[in-house]
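The structure appears below as structure tokens.
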């Protein structure tokens, strides 16, 4: 490696090493959060349930990016493309082939995994900002691709596709929104447990070894190209599931829903939640859903500027996002106990 | 305890009184969520940010108009509470905002949500909730579908209507025309092309010699114009948004291509299209309109234009008066005022739709002379008339009769 390359390589350590234990919440805290997520919908309006569903869905998408960036150290600004593929897979299967909505989710996951894996292959040659740029191209191209003439028969072109919302099964006395929330929650919990276990497994250790030092990892016998593409595939697959759930919750897919803005929002969510801290993904999702609404209520004309100021404050005060807040909280509780 | 008795007595008297009052009230006045004796809550969703933020002006104009109504005492004594949210032209956000308006803010109806994809995203929801999605701000043809979507209604003449009118004119004036088409590659562009083809009927196949499309993200369409000229077409159907319309007019003038030029109504603004393209290059272009262009000098002393200016002076002084979206918002807000007035004291969602579907020859200030809004239970397209016009000197010259191109009729 020449001196110049070393300087460039140093820049790539933007993702700092996170020990694998620090990537999750303690069991007790997790159970409390889960209990809250289970109980709250009983007491709130359907609109709030819908927002909570969207929070879980965006949380999944941010989690997927977190595995890729926080886990294996690769950047992606193209998550909106995988999200779109997942959404369209579900929408097309449900509307044209009368598939059950639940069945479309594993199919979306498989399709997006394949898509991500294949995209990861050529992207292997790129790293850091160059990879971010390549994925950026994917995100900008996706809305246009969905409008292509030969795909229009399936995608509905610019008009998009309307998706039918599923009713609660077995005659459960639940509104559609509440059923969809619990369904999403179940999928989210499953994927969350899968992700935690993945990062604690041999593959997860390989991801993190690559993130921390690629050369060292390969000399330890880690198949760098395999694990890098694998991380891309897994991330794309989970994003696809989020996309599917999103399409079902919103009941509509259109190219305008999956622009580069979505990819940037997801990236933002990851940074705000804390890179490499999986529970932070959901905090980040809450940020990208609720903070724009708050900004709008402060000033309609300047909502973008207000959002910018709030984001700046977050990054300036807690640069490591929600993870930092959680650690501070933990230390505080620890002190209280000692006293 | 006597004190207790007195209190009880007073309480029961109050109860009786309240019961009496509420029965008389219910005999005359009927309300749904979002309406009361003092207030009517109207929801609205606009792209204040994002790629279509230029249209946010429409929402601001409407908000200003409702402030004017409130300052003048409201509608039948009820003040308008206009709740307008930003969706950044992103359909999932539109769904979130629509649900917030209906379920959390509890509005009576959603008025003028903007854009075809955002409105498509909420149409099914609004109809299942039976909340009016009134006078949507898009020119797509699909909003006039009372059978399947009785709670959704359009407003402006749709793109297909307009294109059919051009087709009629071409068939009459130039039956052997060779037509070149340039259109934006999205729903708006395709709607126009479909309208023209339907209007030409069986002759469409032989008359249209070339169809060229462009993407809205493209910086220039000069090469398309050169290509179209090479086909020797003698009629040009120009379906472009303002920036591209100005480019095309300029380029045609430069390379000396002078077909009979039809320009879609989307780009008829003198301030943002004709002037930048050059008045000399714009001579003879044919288009159509249904409202008065505020930048057109012929309306300078028109009473409607004076009223519009007075309204802006008082309630929206920072408005850009060359922006036709300000006129658009002013006219459609009068449409809602008309419907709510007609509702009288029966301010229910069902009655709003009933009144909206029985507009007869309503002429809000700002429409071209002779153009009227009309609806019926089977016609959910309030405005479906336009008048042809030709660019002459520095303004549009209206010609011919007011034409109707109702898709159903």
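Sequential numbering from 1, following the chain as shown.
Including glycine, each Cβ sits where the backbone N, Cα and C put it.
TrEMBL: automatically predicted annotations, no manual curation.
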Expected hit for transmembrane segment in TrEMBL across A:179-199, A:200-220 is A:179-199
Could you check whether the transmembrane segment (A:22-42) packs against the transmembrane segment (A:260-290) - three or more CB pairs closer than 8 Å, residues at least 6 apart in sequence? yes
Could you tell me whether the transmembrane segment (A:230-254) and the transmembrane segment (A:48-68) are in contact, taking contact to mean 3+ Cβ pairs under 8 Å with a sequence separation of 6 or more? yes
Where among A:127-146, A:179-199, A:230-254 do we find the most Cβ pairs under 8 Å to the transmembrane segment (A:260-290)? A:127-146
